[in-house]
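Student: As annotated by TrEMBL, domain 'Phospholipid/glycerol acyltransferase' applies to 72-195. Residues or ranges marked as transmembrane segment in TrEMBL: 6-35.
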Amino acid sequence: LIIASLTIGAILVFFIVPLTIVFFIYLTNILLLIYQRNNVVKADPLSDVWDSARKTIASFWDIYARIWHGYELHGVENLPEGPGILVYYHGAIPIDYLYFLSRLFLWKKRLCLSVADHFVFRLPGLKLLLGVTGVIPGTREECLIALKNGYLVSISPGGVREALFSNESYQLMWGNRKGFAQVALEAKVPIIPMYTQNVREGYRMFKERRFFRQLYESTRLPFTPPYGGLPVKFRTYIGKPIPYDPNITAEELVEKVCKGKFLFSFQTKTAVQALISKHQTIPGNIWKALLERFDKRRK
């Protein structure tokens with residue numbers, strides 16, 4: 001009985017924070033439905049009519065980010081005034097990205113549209129939340145329309161595969177995906193790299209197993225549950241924009257983004273390794289990430 005109790009307790013500790021995040025997400029959608037009914041709101045979810053609701057949502061998640069992860073956002077000045085494509089590394093749970101969206105809206109009152117995997121739109125009970133927060137399918141047409149309308153558009157080329165099968169080595173798993181680069185060239189907009197320090201130390205996946213990898217590749221559904229939720233330090237860095245260049249190909253632009261993923265304050269490719277060494281322990285270290293909560297000098 002004691003062993004069983006300890007086992008159940010350990011399981012709860014491992015999964016309670018990820019489950020809490022799921023609960024808060026669904027609670028947010030319920031509150032939006034109440035807001036919509038009480039105010040008889042029928043406007044486009046992306047319209048300014050929803051800004052008060054968006055501010056409330058953003059404030060809640062920003063408080064959560066400050067308390068649980070001591071969240072910091074650096075490099076907002078690197079975002080263009082007009083449209084652009086944000087490219088970021090996908091953690092096991094992209095809670096860091098939600099923190100980024102919340103703080104960006106609170107600081108700049110700016111909405112960044114988010115490209116999500118198809119399975120997200122099949123999740124029950126989240127339609128209104130996805131609409132109000134600007135989650136869109138990753139089609140070329142949708143992205144071009146959003147950029148034409150002046151929005152920032154974000155995408156993680158690694159997507160769910162990177163979330164499930166990358167690890168504390170922070171390996172990019174983009175495969176042959178270069179559609180975002182082609183969209184950037186067609187829309188004539190810059191690409192802005194973004195990365196969150198310690199995101200894998202906060203939330204992790206179990207080590208890759210052939211069965212789960214084959215299951216994902218055949219279904220494109222994330223069957224492997226994340227675990228963790230430790231209050232490690234999160235810092236999101238927005239890098240220098242990679243400007244539109246009519247003479248560059250999509251393949252060259254993808255390579256440039258890969259090399260410039262950690263290009264936050266330096267402008268040369270040779271500075272990438274120095275930034276990785278400065279901002280991220282490779283492989284990731286949970287204890288170090290926890291201790292960084294108390295490091296007030298590090299920026």
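Cβ atoms are placed via backbone N, Cα and C, with glycine included.
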Student: Run through the domain 'Phospholipid/glycerol acyltransferase' (72-195) and tell me, per DSSP, how many residues are helix, strand and coil.
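Tutor: Taking each residue of the domain 'Phospholipid/glycerol acyltransferase' (72-195) in turn, the totals are 53 helix, 25 strand, 46 coil.
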Student: Can you tell me the mean pLDDT for the domain 'Phospholipid/glycerol acyltransferase' (72-195)?
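Tutor: Within the domain 'Phospholipid/glycerol acyltransferase' (72-195), the model's average pLDDT equals 90.
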